[in-house]
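Some features that Swiss-Prot has for this protein:
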ACT_SITE  His21  active site, proton acceptor
BINDING   Tyr16, Phe67, Asn69, Asn115  tRNA binding site
SITE      Asn11  site 'Discriminates between blocked and unblocked aminoacyl-tRNA'
SITE      Asp94  site 'Stabilizes the basic form of H active site to accept a proton'
Amino acid sequence: MTIKLIVGLANPGAEYAATRHNAGAWYVDFLAERLRAPLREEPKFFGYTSRINLEGEDVRLLVPTTFMNLSGKAVAAMASFYRINPDEILVAHDELDLPPGVAKFKLGGGHGGHNGLKDIISKLGNNPNFHRLRIGIGHPGDKNKVVGFVLGKPPVTEQKLIDEAIDEAARCTEVWFKEGLAKATSRLHTFKAQ
């Protein structure tokens, strides 16, 4: 099993670019930059895309330009066009249940209230069995404050921790392709930015 599509979830537009909800896109942007594969807008996939080579594997990158709750439209369009199965997809997203500075890989599961994941599961035929990269953004402590929190910008100290976790997640993604998911998971899950 190998990953053929890496997706970074986000809301489109400059006003959302620096908000916590866009952490998934920050990861894909970082990966694209690290591998010198600039993202370009591709309307038929409703997003920005690129193509990278990891250990001889052809991998597509995607940052949807739809709003978060319509992310599945972009993911399904690309998966269908390139005949990519759900278990060959890695979706990077912001995660309230992990603190800033932590990121974890996960296969399958629910959507945990995340509207981007919810729409992807739905558009993939109610199939939740894709890989996720959960990027910790922390929790406001009160569920009524979640919307304002994810659509807010993290303070500089938290942004630094999130950026370090994204850097490590990108390195661990490369480890995944070189040495397998178990090795990559073990390394990423013991990492915590200070």
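Every residue, even glycine, has its Cβ placed from backbone N, Cα and C.
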| field | Rounded to the nearest Å - Cα separation of His21 (active site, proton acceptor) and Phe67 (tRNA binding site) | value | 11
| request: Among Tyr16, Phe67, Asn69, Asn115, these being the binding-site residues, pick the one whose CA is nearest to that of Asp94 (site 'Stabilizes the basic form of H active site to accept a proton'). | output: Asn115
| message | Give me the long-range Cβ neighbours of Tyr16 (tRNA binding site): same chain, 6+ apart, Cβ under 8 Å, in sequence order. | response | Ala10, Asn22, Leu151
| request: Count the other Cβ atoms sitting within 10 Å of the Cβ of Asn69 (tRNA binding site), across every protein chain shown. | output: 12
| note | Within 10 A of the CB of Asn115 (tRNA binding site), the number of other CB atoms across every chain shown is 17
| note | Whole-number Å distance separating the Cα atoms of Asn115 (tRNA binding site) and Asn11 (site 'Discriminates between blocked and unblocked aminoacyl-tRNA') is 11
